[in-house]
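Straight from TrEMBL, the features:
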type     : residues   : note
ACT_SITE : E429       : active site, proton acceptor
BINDING  : T146, G185 : FAD binding site
DOMAIN   : 31-135     : domain 'Acyl-coenzyme A oxidase N-terminal'
DOMAIN   : 285-443    : domain 'Acyl-CoA oxidase C-alpha1'
DOMAIN   : 513-659    : domain 'Acyl-CoA oxidase C-terminal'
Amino acid sequence: MSPGANERTAIDIAEMRSLANFDVTAVKMELRGGEMEWRKRRNIVDIISADSVFDKSQRPFMSRLERYQRAMAMANRIEELREHLKWDEREVDIAYSLCDEPVPLDLHTVPPAFAPVLSSQASADFLKEYGDLIRYRGILGAYAQTELGHGSNLQALETTATFIPEEQEFEIHSPTLTSTKWWIGALGRTATHAVVQAKLILPSGQDMGPHLFFVQVRSLEDHKPMPGITMGDIGPKAHGGYTATDNGFARFNRVRIPRSAMLSKFANVTEDGRYVKPPHAKLSYGGMLYIRSIMVTSAGWNLAKAITIAIRYTSVRRQGGPLGQEDQVIKYQSVYYRLLPILARAYVYIFLGRRMRALFQSMSSRLSSGDTSLLAETHAVTAALKVLTSSSTTESIEVARRAMGGHGFSAFAGIGRLYADQLPSTTYEGDNFVLDNQVVRSALKSLKSLRKRSSRDSATLSPSSEYLRYLESSPPLASSWYNPARSISLLQRRAAFIIQNLADNNSEDAGANQRASKAIAEAFVAARIGEILEEFRRLGVRERDVLRKLFLLYLIITVEDGLADILSFDLLPRDPKTRTRSDPTASLRAIINRLCLELLPNSIGLSDAFGFTDWELDSALGVSDGKVYEALWERAQLEPLNKETVVEGYTEHIKPILQRGQRLSKIQGKL
């Protein structure tokens, strides 16, 4: 007797897991940064997942207020554990990341939020006074930049900070409705202090542009707003995203703060009201770039969760096929063709994210000594990758959900929550369409600089603009799609020709900047993949082989996505042995399918290598044992609507509808 569908699922996932032909643990250690880091994280997972404060079973049924209160209870428990278990800052960061949703205290420590901005912009005296309070959450902070009327345009912010020399104070003021600080995470109900971006106004009336100020916004005695400050929560967000975070508003009515509250590591105002400018105008930008650098890693891990759920579920879900046993959904071409490129993308973003963090740390180290040489490069790279990774991750999570069919729409699937919390990344820390323009401006500047050089030496190009070397020379393409160099070269040539075309032609193409920005980002990622593949040489043969195929799939899918530009610039050579009108992309698409089929047996192993526990995924459809139908059934029993045999409201609403309908039916029957 063959097993039923609910019994078959556990067998299916076990069989798929057994197909992995590489050491899953070895790849896991590579993803997680080594065994020591993995053990540290797993220890914290074990502690937190066993603690009732972090129970997730009731989360789908909670109101917004309950979700906020749960978030603060988790934060309080983490701080208790920090003290009791002597956790260091890294362990505390891991614990907060395991809360599995954005919580208010994230904004205290996540750059460019409160603590990181203070550590990079405040004076030594300020940090001596407030450093430990900030570190141990003796005060809770928010970063107040965005206003009701302005976001990305920093120079247009309206909040003012006017220096009054007679009192040695700044007056923080919101002169208009549109100057109200808005969308500020943790400001709604939690923060006691805020770093406020405001236009510095000297006693002479001269506007010195936006600067940062440290402002107490709530009492440390009773948590009430400080005099002159009107504040609150801005309300629920789209799709239920960031439900537990109190994004807030604040209006300042001539609020006074001491002169020392200006963050004055680089710029300052003297006692008599003279402005001391920073050594470099862009020294304050460093902290704002960090979140873009870590967004790459964050996108990768969010995608890793979504694709783990989708691959596990489609591996045990059976649908269609010949009479008898139905086929596993993941074995349909229309499904694996959608899911395996997402798996590849998650891996690429995780490994790429490490390089971005290293780039930022290098820039930050130089910046602390006044060296701004890496600032422009870091801005160009992080802006391009912020757009690429936030957009593609948001889209990919939704693709993964759809691949799961109807059950993917259930909150118990867990993917809808991931999508809702990922979605705003396309507009926070710079709207993607605005950043596209900045990326292109930087690229055009690099091209102009290259053209001015007498030697036209492309060897001096930075990593963000190295693709421009293909305007100087175009060596032959590698002949095989199995050679990553072929795709890497095509993606770099595509970016070079798009930028050259933008520079030399007054195009009326409204989407040119978006296409160019994407091409630049993808060229950069492609080049880094070449470097990462070299680093994989230290792994075992099987691990190296499966990762090489995965990264190759990413490259070739990216080439396929850019075919419109690649073919427009005639970058893909035709096979001279074939007839004139043959399809030059046929071999490309064939290799995509072959790579997917080669990777398919390893799909469960590659998703297991992310190392997520069932508690972390919080998905009925992504359970590691494959028993998805039992898990879905058990969660449905928790639904409050099912608590009573007869639903509340039956007497008031359902019964009158039925009685009315029955009465009218009888009347109609007599006519």
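Even glycines carry a Cβ here, placed using N, Cα and C.
Structure with TrEMBL features highlighted.
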residue: T146; record: FAD binding site; Cβ neighbours (10 Å): 20
residue: G185; record: FAD binding site; Cβ neighbours (10 Å): 27
residue: E429; record: active site, proton acceptor; Cβ neighbours (10 Å): 22
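Taking only the Cα positions, the spacing between G185 (FAD binding site) and E429 (active site, proton acceptor) is 12 angstrom. In the domain 'Acyl-CoA oxidase C-terminal' (513-659), helix, strand and coil residues by DSSP number 105 helix, 0 strand, 42 coil. Spacing of E429 (active site, proton acceptor) relative to T146 (FAD binding site) is 10 Å (Cα to Cα, whole number).
A coil conformation is recorded for T146 (FAD binding site) in the three-state DSSP classification, outside any helix or strand.
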